[in-house]
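Marked as repeat 'WD' by TrEMBL: 195-228, 238-272, 362-395. For 281-352, the entry in TrEMBL reads domain 'FYVE-type'.
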Amino acid sequence: MAAEIQPQPQARKPCLLSKIEGFQEVVSTAVIIPKEDGVISVSEDRAIRVWLKRDSGQYWPSVHHTVSSSCSCMSFNPETRRLLVGMDTGSICEFILSEDYNKMTPAHTYQAHQSRVTVVLFVLEMEWLLSTGQDKNFTWHCSESGQQLGTYRTTAWVSGLQFDVETRHAFVGDHSGQVTILKLEQDSCSLVTTFKGHTGNVTALCWDPVQRVLFSGSSDHSIIMWDIGGRKGTAIELQGHNDKVQGLCYASHTRQLISCSSDGGIVIWNMDVTRQETPEWLDSDSCQKCEQPFFWNFKQMWDSKKIGLRQHHCRKCGQAVCGKCSSKRSTIPLMGFEFEVRVCDSCHESITDEDRAPTATFHDSKHSIVYMHYEPTTGNLLTSGTDKVIKLWDMTPVVS
């Protein structure tokens, strides 16, 4: 059912430790159990499983519990061993796991949403259960009384949720590409602000309470780092994926961001560098280098008797340029461009080899990732794929 892979040491690459197989459907969410050789998984086949590593090196289910509908998401608190599972029906089921992780006891069911639960988050310090659903509602419950404390209607259904205990701010990312910050009280909430930088829907959020930055991943393949604590509105783009970003985890002790995408890519970003914001794209009716008219500038085309050209933009300076004046390509890692992008000829000349030094490393998980979880205490990473397989990785060669 689960095979152990003998790790082959390779410099600066994640090391595949184990595979967990035998699922009938895709695993929606899975987490590594801290201080245990164990994994908890929930899947579309209505099964909640607790996997423990045996002496043989294989992972076998110590708990296999079937619920009434498909499991869409979960939140696990290792201190209290409370497991909260979001369901396709809109309800959230709470379970308590035994100390040896061989038994799971139902504790409470929350009627939280009218449709599929998309994200569930348990906050032990507040005894709050935060959740979002495809009904476009963000709700929070008291986990002690089971009572709903409040609800907030979002503009689109939510796919990302994070919470800051110190300020009681909830970060909500939705399918319109917008991120909303809400201030939660015991029985009410207020809108703090909204911001939007993605052209696709927000697919993942990650909050670092130490640096006070929020990372958002999107179906537009990009990641944005929002500097919330700096209060200057700084937003840094990271372009290193070729497909939808599926997961984000931040290793605060090394200041590295781990991201994954549905094409199987795992990227490790060095965030301990001084990064630059990408410039705003400038508007112009003619090339800002050679002054040739663009194709909509009929007057200049007529006056100069020249054919209009297509407009492009330099990714480094933001100027509007023609194809001839932007024939070069370059990486600009400190601006987040780990792949080659269009730059104007003058900017290309100014970019040095030092400027092109990569700030990220790229790795292939060899399966289409739908979910990711990083456990900093062990340095292990879990990926769940559309191939119905969970993979466990040793990330210490690259996250250190």
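Cβ coordinates are placed from backbone N, Cα and C, and glycine is handled just like the others.
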#### Entry: Helix-strand-coil residue split for the domain 'FYVE-type' (281-352), DSSP-based
19 helix, 20 strand, 33 coil
### Query
Near the repeat 'WD' (195-228), which residues from the same chain, at least 6 beyond its ends, have a CB less than 8 A from one of its CBs?
156, 159-166, 171, 173-179, 181, 234-250, 252, 255, 257, 259, 261, 269, 271, 275, 336
### Query
Any idea what the model's mean pLDDT is for the repeat 'WD' (362-395)?
96
